[in-house]
């Protein structure tokens, strides 16, 4: 199989399995922490941990089921199991259902690829139908990756912040807590890379899988910038729990910004408002392109304030809480914040200056949400293709 062929390969199935393992590990360890904190009578920590889990699951189920209904309405998939899908989503199993469906269809694609290659090559109609099925399969993969990305910034990133705060400020040390932070971190990293790979492969403008170097630089740039910001947030929480008011304000600003840009990601007005709220949550932790347009100015403004937060927070701690000067953990965290911030900025410039295809970006990022422009007229895209137009440049 050529790399440019849109076929769900064995390698792609292994990636999906790894992503599923990360997701289950993240949810499982966080759920175990809820019961541990409750047993130790840390009711606030237990409640907050549970709140992040429930928020991520609930939002994901809403979007996942809505997308299933949209695909059924467009006759992209069978509408018979609608009630069964609803029951599974009520019990928070939307991502598991999509993973099962994706792996099952992927197996059929691989089997068909190995047993029907000659027939497809000789019959143009069958070959076209098979390629369309493969393209749909990758669009479904991008849908699943997008849902995991939602879950990452609604559950994993806030959870990582909470556990860092508990760990640093209250000297709570446990294997389960470390496991929760490790799974949250790797789930965050995996979601970013997996979505980028799936998206670029599913879009018609991108025929090749992204090479290792740009993907690695992109991953490191995101991890350094996000991790350093989360550590800064954790120090602000140690300085004052009222920093949560500031975090809430950042979320509101991000949501208002998305509303101001008039995103058109969902077919329903209510879902669109929810989507803009998700955007606000993502912007609390990282920058991404909301409307598929030139974002140099917006990115510059975002990372200016990001730099101010990261470089001023350790200094505030140093002057306002001088008793922390001799604590090793504070010195280590401050060093990671400064070092991670500097490396993140360097990798950001390196990625967008040398490794990011500007011509390809112009084709992809300037697309209007949910519409294609053909000969001066707007043409509606398929649900899965339309959904992949957002988050192209997270």
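Using N, Cα and C of the backbone, Cβ positions are placed for all residues, glycine too.
Heads up, TrEMBL stuff is auto-annotated, nobody curated it.
Looking up the ranges 326-352, 353-379 in TrEMBL, the one annotated as transmembrane segment turns out to be 326-352. For the transmembrane segment (273-290), the residues of the chain that approach it from at least six positions outside its boundaries are 59, 62-63, 150, 153-154, 157, 222, 225-226, 229-230, 247, 250-259, 261, 263, 265-266, 298-299, 302-303, 306, 365, 390-394, judged by C-beta separation under 8 angstroms. Spatially, the transmembrane segment (175-193) is adjacent to the transmembrane segment (14-37); three or more Cβ-Cβ distances between them are under 8 Å for residues at least 6 apart in sequence.
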